[in-house]
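Pulled from TrEMBL:
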ACT_SITE  Lys94  active site, proton donor/acceptor
BINDING   Gly194, Ile195, Gly196, His197, Val198, Gly199  NAD(+) binding site
Amino acid sequence: MTAEITTPQELQKMDPVFGQLSFDNHEQIVFCHDKDTGLKAIIGIHNTVLGPALGGTRMWKYNNEWEALNDVLRLSRGMTYKSAISGLDLGGGKAVIIGDAKTDKNPELMQKFGEFVHSLSGKYITAEDVGMVTADMDTVRDVTPYVTGISEARGGSGNPSPVTAYGVYMGMKAAAKYQFGSDNLAGKKILVQGIGHVGETLVSHLCQEGALVQMVDLSAQRLEEVSQKYGAQIFTGDDMYSADVDIYAPCALGATINDDTVYKIKAKVIAGAANNQLANENVHGPILQERGIVYAPDFLINAGGIINVYGEIAHYGKEEALRRTENIYNTTLEIFNYAVQHQMTPQKAAMAIAENRIEQRRKENAK
Ligand code: NAD
């Protein structure tokens, strides 16, 4: 089924949950509310065939509950594909907390959220996403063991973002190899959108290799800081999508490749950290392909973070997490080749391989 965004007005016309466009046979959707702390959260469990549904918690000031529901449905589905393609024994889940992480987040709210996670008895395991930091996961750990991405001081794997960035870097190099014939990024013009936890580390890898990096973020202060640290340029043009660059790295929020932007993009490679970069994978993936733009599937190349937190469950350390993350380079090239062989987009190729793995396991589980 299509996972696509639509306007809040259109969303409201549909059946509230199972009729949403982004609903894709999710196993369980849990609405969490607590009057005292003001917590309003939704936990989406998409699929648990391969294992417990692991995925981060996003805190965001959604315009309305429809947007939050749509986001958790899309994100949890993406986690199913991400873990499956990465060879992890994990299902797909995600949570959203409705609110402003800067002003509405506090330990009481996070503990209450942790209690809801705990009530699912391990079917859903949480971690960081946008609006969350390692300290928040430590707070959740006070009330439930079903949390990863906790601090190293408490026996966890710490902030997953640097490992995510390393995986994105590997995926980008593979896409460059496929498109330009070399994975050397020195001299390549690369636009990074979103200089947050992942974006900054990605910029540091790219600058170190000699790429010509331009950056976009909502925060001018953030841009200044990172520019001074690594020597990357701040993008100053009117429209970043039509910027004359070789590579576009979406590292902010999802759905930036949509009806408004897909025909403007001049980059020949798209490789970034954001989840669900294609507003509609059935529409925008094929358009990119027709336009000769190589799109590295988001859920494949941004899997470093989940590979890192999975170490807390599978009991491996940072070195093994980095080794597995480095392998994203090989997997990305394999997916591009599979896509050519089977005449499909790389996104659909990665999805097909992930679905096969889940289907095989389903049959084994049924025996
Ligand atoms: P973050 O919140 O630390 O950073 C996001 C940055 O994007 C912020 O600096 C914000 O100002 C900026 N931003 C938001 N909207 C923007 C816009 N319209 N234009 C330009 N900049 C904008 O988040 P993060 O942890 O760096 O994650 C970035 C993306 O990668 C998210 O989509 C996240 O879901 C995805 N992701 C993150 C991880 C991880 O390990 N952190 C793992 C997998 C996927």
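Using N, Cα and C of the backbone, Cβ positions are placed for all residues, glycine too.
This view paints the features noted in TrEMBL onto the structure.
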residue : record                             : contacts (Cβ under 8 Å, 6+ apart)
Lys94   : active site, proton donor/acceptor : Ile43, Gly44, His46, Gly55, Gly56, Thr57, Arg58, Val72, Leu75, Ser76, Gly78, Met79, Asp129
Gly194  : NAD(+) binding site                : Val216, Asp217, Pro250, Cys251, Ala252, Leu253, Gly272, Ala273, Ala274
Ile195  : NAD(+) binding site                : Val203, Met215, Val216, Asp217, Ser219, Arg222, Leu223, Val226, Cys251
Gly196  : NAD(+) binding site                : Val130, Ser161, Asp217, Arg222, Cys251, Ala252
His197  : NAD(+) binding site                : Asn159, Ser161
Val198  : NAD(+) binding site                : Ser161, Thr164, Ala165, Val168, Cys251, Ala273, Asn302
Gly199  : NAD(+) binding site                : Ala165, Val192, Gln193, Met215, Asp217, Val226, Ala249, Cys251, Ala252, Ala273
His197 (NAD(+) binding site) in three-state DSSP notation: helix
For the NAD(+) site built from Gly194, Ile195, Gly196, His197, Val198, Gly199, further residues of that chain with CB within 8 A of the site's CB center: Ser161, Val192, Glu200, Thr201, Leu202, Asp217, Cys251, Ala252, Ala273
Three-class DSSP secondary structure - Lys94 (active site, proton donor/acceptor): strand
